[in-house]
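Visitor: Just lifted these from TrEMBL, have a look:
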type: BINDING; residues: GLY30, LEU31, THR32, GLY33, SER34, GLY35, LYS36, THR37, GLY76, ASN133, HIS134, GLN135, ASP136; note: GTP binding site
type: BINDING; residues: THR37, THR54; note: Mg(2+) binding site
type: TRANSMEM; residues: 146-165; note: transmembrane segment
Amino acid sequence: ETDVRITCFRALCCKGPPPARPEYDLVCIGLTGSGKTSLLSKLCSESPENVVSTTGFSIKAVPFQNAILNVKELGGADNIRKYWSRYYQGSQGVIFVLDSASSEDDLETARNELHSALQHPQLCTLPFLILANHQDKPAARSVQEVCLINVTTLCLVFVLMLPHWNLKTCL
Ligand SMILES: Nc1nc2c(ncn2[C@@H]2O[C@H](COP(=O)(O)OP(=O)(O)OP(=O)(O)O)[C@@H](O)[C@H]2O)c(=O)[nH]1
Ligand SMILES: [Mg+2]
């Protein structure tokens with residue numbers, strides 16, 4: 001009988017804290033205005049109003065049920081982009097945010113930046129997620145169009161290297 005009591009006591013009182021959620025370090029890049037900060041604010045249930053352009057970088061812990069993503073956003077302004085690669089080390093995944101409604105020139109710039117990131121030694125083996133943002137705008141290209149313009153050639157080259165290749169519409 002004592003054994004049964006001890007077993008019950010243990011079952012009720014000795015569960016200990018819930019297991020810690022695994023944490024992953026991600027880097028989030030994309031041209032200025034593509035919506036990186038807005039997106040991360042939304043994911044953290046903060047108001048995406050009044051976001052200001054990121055100078056340098058900013059880190060947010062984004063909680064999910066099964067994991068915590070420590071996302072490092074790198075500012076996308078022209079004068080910051082050249083330093084992006086200094087902040088890649090230690091990343092376990094990449095989020096690339098695109099403005100689907102941007103001009104052809106900006107899309108071409110984004111495409112070149114995406115190419116560079118995909119080829120960077122510290123990123124080239126990591127899972128990439130490309131988010132086609134600004135989908136609410138009338139001028140927004142569809143995900144298929146963005147895919148054709150931006151990453152068709154890349155898909156052919158990289159899809160085998162990037163097992164978690166993904167292209168999602170982001171609203
Ligand atoms: N209409 C629309 N506006 C958006 C969307 N995402 C972001 N914005 C707006 O675009 C502007 C720039 O958004 P940010 O989140 O600061 O962009 P960012 O990529 O962080 O820019 P940097 O920090 O400069 O690299 C803000 O005024 C946002 O409100 C979207 O999906 N649709
Ligand atoms: Mg920002």
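Glycine residues also receive a Cβ, built from the backbone N, Cα and C atoms like all the rest.
Caution: TrEMBL annotation is automatic and unverified by curators.
Model, not experiment: these values are computed from the prediction.
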Visitor: Just the binding-site residues from GLY30, THR37, THR54, GLY76 whose C-beta lies under 6 Å from any atom of ligand 2, please, or none if there are none.
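Guide: Only THR37, THR54 qualify.
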Visitor: Determine, to the nearest whole angstrom, how far the Cα atom of GLY76 (GTP binding site) is from the Cα atom of THR54 (Mg(2+) binding site).
Guide: 8
Visitor: Of LYS36, HIS134, which of the binding-site residues has the most Cβ neighbours inside 10 Å?
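Guide: Going through LYS36, HIS134 one by one, the largest Cβ count within 10 Å is at LYS36.
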